[in-house]
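Asks: Starting off with a structure, shown below.
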Amino acid sequence: MEEILQFLLERSGQYISGEALARRAGITRAGIWKQIEQLRALGFTIESAPRKGYRLTGGGDALLPVVVKDGLRTERFGRSLRYQFETDSTNSWARRQAEAGEPEGTVLVAETQRQGRGRMGRAWSSTPGKGLWFSMILRPRLSAADLAGLMTLTAVSMARAIAAVTGTAPDIKWPNDILYRGRKLVGILAEMKGELDWVNYLVIGIGVNVNHEAADFPPELADRAGSLRQIAGRNFSRAELLREFLAEFERAYDDVPANGLAAVIQYAREHSATLGREVTVSQGFGRTITGMALDLAEDGSLLLRDHAGELLRLSSGELIAGAAE
């Protein structure tokens, strides 16, 4: 599909025969028609005429590499960018690519996922063409114990990107959900291969509800999920949001060796939906901890004082009660 779009962009406004498109893409004319329909579904205005072929007359919101890389302000992240219209999950796809040796900074994007998943193994709804579903491959020189800070860095980078694109700063719910008025806009899922003292690779998957309307969410999410469109009452370019995020992430990630996470943690504090509230954190296996969320540690861990007065430092978990609405 990218090859067809590239050809149409090169001759924008001019008709290109189906035969010429088929030769360029190396597929049948029936295959060309199918991919033209997919591009139309992504918002591209493509006219067709007998004996003339197809011509592009209006842009869309595809996440194809040729679109995303136009204006990308990074040196590494997103320079290797892979796209599929549909995949099982971008994290599973990214893990396969990481095992095959893909370098740090590789980004994998899909329009929809058959088996998209969030934290704790929950399914993630991935409406085609509405959201931004992608994963990144990292090969950080960190121990597994240091990864909490990277999750905070990821959430802060996306929160900053959303603020830049929409003009509205969302809240960050520890450890890495992004909310607006209590509704979830963004989910982040990290998966790693390594040992306690080293990381072979880290895959960070991110799902952003961008142009969803209320009817686009499954009934079970209707009162909990939100989108950027619902914040501002208009659609946003998913490609622009991805470019903005990658620039924010690369800048912050590259700054860590010299300056640590101080600026990231301060932003997370200032935009926290968690601090200053009594919260309940699930640690898995039926174990929960309830107490007052006091602060974020320098590595992104949550500092919580439980009902017995003990100060706890939580590097992972899921907040199941207590975030700001």
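Cβ atoms are placed via backbone N, Cα and C, with glycine included.
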Asks: Out of 18-37, 58-77, 118-137, 278-297, let me know the one TrEMBL marks DNA-binding region.
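Replies: Among 18-37, 58-77, 118-137, 278-297, the range TrEMBL annotates as DNA-binding region is 18-37.
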Asks: Give me the non-local Cβ neighbours of Lys184 (biotin binding site): same chain, 6+ apart in sequence, Cβ-Cβ under 8 Å, ordered along the sequence.
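Replies: Listed in sequence order, they are Asp177, Ile178, Asn209, Arg224, Ala225, Gly226.
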Asks: Looking only at the DNA-binding region (18-37), how are its residues distributed among DSSP helix, strand and coil?
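Replies: Across the DNA-binding region (18-37), the residues distribute as 17 helix, 0 strand, 3 coil.
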Asks: Mind looking up the mean pLDDT for the DNA-binding region (18-37) in the predicted model?
Replies: 94
Asks: Looking only at residues six or more beyond either end of the DNA-binding region (18-37), which have a C-beta under 8 A from one in the stretch?
Replies: 1, 3-4, 7, 46, 48, 53-54
